[in-house]
Amino acid sequence: MASKALRAVVLGPPGSGKGTVCERIARSFGLQHLSSGQFLRESLRGGGEVGTLAKQYLERGLLVPDHVITRVMMMELEKRRAEHWLLDGFPRTLGQAEALDRICELDVVISLHIPFETLKDRLSARWIHPASGRVYNMEFNPPHVHGIDDVTGEPLVQREDDRPEAVTARLRKYKDAAKPVIELYKSRGILHSFSGTETNKIWPYVYALLSNKIPPLRSEEEH
């Protein structure tokens, strides 16, 4: 390759707009958007040792543990050693960050900081299409037909941990796990934090940061 492949990560709590920011970065800069949730769904559908292992946890209503998610992600990243990519949903814990260190060196880590009340409101209004992972928000991104996925016509569901009573505990758990990851990347000088309540207001700053590291394919205004 003419230049070193850019390796980036977007960190943020559930409901912070990580997916939206990642999609915009992928379109604007040509980075592959690598979602841990998407890879996990693919490994479940494909069966195999890791998929079977993950399924055993999910069927019991348990979180897929670090070592399983890490194996899924390492297998995918090994295939993309020469490519520009952007990680979404990984690493979530210090153990995952250390595993990532063993196969590559990150260039930039973007951390999204959204007020607690905003996150609580967003998550409580969030519904998903389980098979694809498509996310809808009943306030600012509702489906065309209430309760129905736009693409397949299948019913949407609200995840147990998106229900209002579960959201507070979920956000606290994220914060505890993410703190050492954020500190690690901060100590390396590659962490860039952005605060706000709206993705559209945070985006110009993210765009400006990345424009200094990789030539954009399209201008910020095209969003």
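Using the three backbone atoms N, Cα and C, a Cβ is placed for every residue, glycine included.
Summarising the annotation, TrEMBL assigns ribonucleoside 5'-triphosphate binding site to Gly15, Ser16, Gly17, Lys18, Gly19, Thr20, Arg126, Val135, Tyr136, Thr199. For Ser36, Arg41, Leu62, Leu63, Val64, Gly89, Phe90, Pro91, Arg92, Gln96, Arg170, the entry in TrEMBL reads AMP binding site. The annotation domain 'Adenylate kinase active site lid' is assigned in TrEMBL to 126-161. Among the features that TrEMBL reports, region 'NMPbind' is placed at 35-64. Under the heading region 'LID', TrEMBL lists 125-162.
Between the binding-site residues Phe90, Tyr136, Phe90 has the most other Cβ atoms inside 10 Å of its own Cβ, all protein chains included. A C-beta separation below 8 Å, combined with a sequence spacing of at least six in one chain, links Arg126 (ribonucleoside 5'-triphosphate binding site) to Gly15, Val135, Tyr136, Asn137, Met138, Gln158, Arg159, Asp162. In this structure the alpha carbons, written CA, of Phe90 (AMP binding site) and Gly19 (ribonucleoside 5'-triphosphate binding site) are 12 Å apart.
Per-residue confidence over the domain 'Adenylate kinase active site lid' (126-161) averages 91 (mean pLDDT, predicted model). Neighbour density for Leu62 (AMP binding site): within 10 A of its CB lie 9 other CB atoms from the protein chains shown. Of the listed binding-site residues Arg92, Arg170, the Cβ environment within 10 Å is emptiest of other Cβ atoms at Arg92. Here Gly19 (ribonucleoside 5'-triphosphate binding site) is positioned 20 angstrom away from Val64 (AMP binding site), judged by their C-alpha atoms. Within the same chain, residues at least six positions away from Gly19 (ribonucleoside 5'-triphosphate binding site) with a Cβ under 8 Å of its Cβ are Ser35, Asp88, Val135.
If you take the Cα of Arg170 (AMP binding site) and the Cα of Gly17 (ribonucleoside 5'-triphosphate binding site), they are about 16 angstrom apart, rounded to a whole number. In this structure the residues listed as binding ribonucleoside 5'-triphosphate are Gly15, Ser16, Gly17, Lys18, Gly19, Thr20, Arg126, Val135, Tyr136, Thr199; their two most distant Cα atoms lie 16 Å apart. Contacts of Ser36 (AMP binding site) defined by a Cβ separation under 8 A and a same-chain sequence distance of 6+ are given as Ile69, Val72, Met73, Leu87, Asp88, Gly89, Phe90, Arg92, in order along the sequence. Val64 (AMP binding site) has a Cβ environment of 19 other Cβ atoms inside 10 Å.
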